[in-house]
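Just below is one structure, and these are the notes that go with it.
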């Protein structure tokens with residue numbers, strides 16, 4: 001019996017050696033080969049040796065494996081294995097990027113079809129098409145049209161830099177004031193590529209915006225794919241993004257807005273930053289991510305006036321990574337170089353824009369640079385010592401940054417630099433004010449607290465519950481990592497699935513801080529949801545598709561009944577499959593149904609008003625009115641206006657306040673003086689503002705004006721408006737003196753009344 005066992009063992013060993021010799025012809029074994037006689041002899045005489053202790057057997061097996069690992073591998077086998085691995089990675093990357101591009105193209109096609117169906121865009125006349133740019137956003141398209149007719153092109157750029165035909169009585173640099181770089185680039189491409197022979201200017205313009213939305217979706221796809229390791233996560237992220245489109249983008253109703261041009265670049269920058277933060281990437285991939293991050297950061301700063309605030313929040317997330325020693329110092333230094341170079345290029349490209357010098361991003365970079373000399377000394381010592389040093393480091397950075405910002409604002413911007421701080425004080429209830437501009441901005445939908453409908457929609461789409469689950473797991477794992485770093489333990493760079501430490505990946509930690517900061521602001525400002533919600537979709541998709549996240553949970557639970565690695569792989573496949581199937585079943589008919597719904601956006605009163613202005617008003621006439629309406633007037637007629645729908649310029653906001661006085665309880669003489677000081681020839685009174693009915697009564701324009709003008713009376717718990725003059729917009733319709741002395745009605749319909757500001761006052765009694 002012993003001899004038979006030994007023969008079987010010899011046969012198996014011989015077959016194994018034969019197979020190894022076939023695959024490794026160049027490797028000569030140093031292990032002595034036993035003959036059959038030796039095997040039999042050892043089997044007969046050493047029967048007791050076969051009954052070794054189990055621990056010794058395991059020890060020998062371990063030694064045998066260690067020896068095998070030290071055995072030099074054949075170059076042929078190594079090259080074959082590397083070639084096969086490279087080919088597999090190439091195929092996986094190819095199909096992943098193909099899926100990302102396909103998702104972007106399909107989304108852009110859906111947006112185009114939905115936009116055409118909603119506004120009947122292809123069947124409208126040019127004037128009616130332009131009116132569909134809502135919320136005053138059409139103002140930007142006006143400059144695009146102007147650049148298409150400029151001869152030569154550089155002459156048109158110069159006229160925009162010295163523009164005296166937009167705001168009455170002012171010469172402005174419209175390129176910087178309105179961030180018109182997208183229009184300059186788009187018009188340049190349209191003119192010098194000969195596209196006028198193939199596509200109309202307006203279709204080329206909106207096509208460029210829809211193309212950027214496709215890039216945005218593809219960037220979210222790639223970002224989720226890089227973090228999870230599977231492009232199934234990218235598909236799920238795109239699905240959630242499309243389903244929650246009203247909360248992820250404004251492109252549905254206001255195409256030319258700066259947000260729609262800028263946020264796709266920010267999505268690409270975040271995707272490149274995610275790849276750059278990832279451990280164990282090749283030098284070529286790291287260089288590609290670095291260059292992409294540099295280009296997109298500069299472009300993002302160039303096309304949106306609020307971009308430096310967004311980058312400040314991102315820089316704050318990276319600052320926390322660096323402070324807790326969760327990121328290599330080399331990478332943090334390179335990211336700072338990206339910020340500095342992008343800020344310098346944007347500063348000179350925007351004609352020495354002072355707003356960039358006083359931005360919080362510059363202050364953060366200055367504070368970090370000053371404190372960097374003490375940073376390494378603060379990352380040593382026991383736990384309590386490191387925590388105390390960390391607070392000192394925070395204090396040093398923020399004190400230096402705030403001091404620098406204060407000095408720059410005093411030198412550059414003067415007294416108007418305090419407006420933003422006053423606005424925040426009123427927003428958070430630390431102060432009250434009767435100032436019209438502050439209360440007017442607080443009443444804008446973007447600055448109000450989001451309604452509960454937002455969270456209800458996210459819950460119905462199943463993204464919010466899974467987001468809270470993923471965020472909780474990643475946050476707890478991140479806190480564990482921070483505690484280990486403060487305790488002096490090193491971070492592992494070669495993490496395996498069995499480790500179950502999702503919070504030790506720098507890119508995951510960054511997105512945890514990212515979603516917490518942006519999410520906290522989204523709870524305060526409704527407009528921040530367009531920055532937060534897309535990354536909620538991406539972050540949630542990464543989490544449910546990541547085996548490491550499930551493995552982290554199983555490590556905490558100390559699961560032993562089922563192998564945790566196998567179960568995590570199963571769940572990371574099964575859960576997204578179930579979610580994807582449920583979303584496809586419930587929301588796919590809805591998304592496709594949007595293309596078949598009969599919708600119509602048509603404003604005949606506004607079309608009639610613009611037609612009258614173009615045909616009856618003098619070419620040099622100046623119009624006063626609400627900024628949203630004046631944006632449309634400027635777009636469709638090219639007439640000079642008194643203010644613009646731009647809420648980042650205090651001077652323009654003050655002109656807007658003066659124009660809005662036509663809805664206050666002011667005398668005809670007061671309104672006449674205001675309009676003549678703005679060189680207005682016509683004033684447009686809107687019925688929707690004059691007789692506005694709103695649930696939020698305190699945010700009506702006339703209520704804000706009454707508060708600002710001191711016309712509000714508080715009597716026994718009742719609040720009402722009182723003045724010796726009637727409300728101008730209502731009294732002027734009576735056509736009696738003294739209103740007819742100063743103004744003459746020249747046009748009216750159900751929604752608009754246009755009055756000419758008399759150049760010569762005729763007193764009639």
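Including glycine, each Cβ sits where the backbone N, Cα and C put it.
Because TrEMBL annotations are produced automatically, they should be read as predictions rather than curated entries.
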Candidate ranges 164-182, 183-201, 202-220 [criterion: TrEMBL lists as transmembrane segment]: 202-220
Segment assigned the feature transmembrane segment in TrEMBL (from 565-584, 585-604, 605-624): 565-584
Feature transmembrane segment in TrEMBL, mapped to one of the ranges 250-266, 267-283, 318-334, 335-351: 335-351
Stretch in 202-220, 287-304, 357-375, 464-483 most in contact with the transmembrane segment (335-351), if contact is a CB pair under 8 A: 287-304
Outside the transmembrane segment (357-375), six or more residues from its ends: residues with CB under 8 Å to it: 308-309, 311-312, 315-316, 319, 322, 329, 336, 339-340, 343, 347, 393, 396-402, 404-405, 408-409, 412-413, 417
Close approaches to the transmembrane segment (387-408) from elsewhere in its chain (Cβ under 8 angstroms; 6 or more beyond its ends): 319, 323-324, 357-358, 360, 362-364, 366-368, 370-371, 374-375, 377-379, 381, 486
Interface check, the transmembrane segment (464-483) with the transmembrane segment (531-553), three or more C-beta pairs under 8 A: yes
Contact set, same chain, for the transmembrane segment (508-525): CB under 8 Å, 6 or more residues outside the stretch: 227, 270, 273-274, 277, 313-314, 316-318, 320-321, 326, 427, 446-450, 471, 474-475, 478, 481, 502, 531-533, 535-536, 539, 542
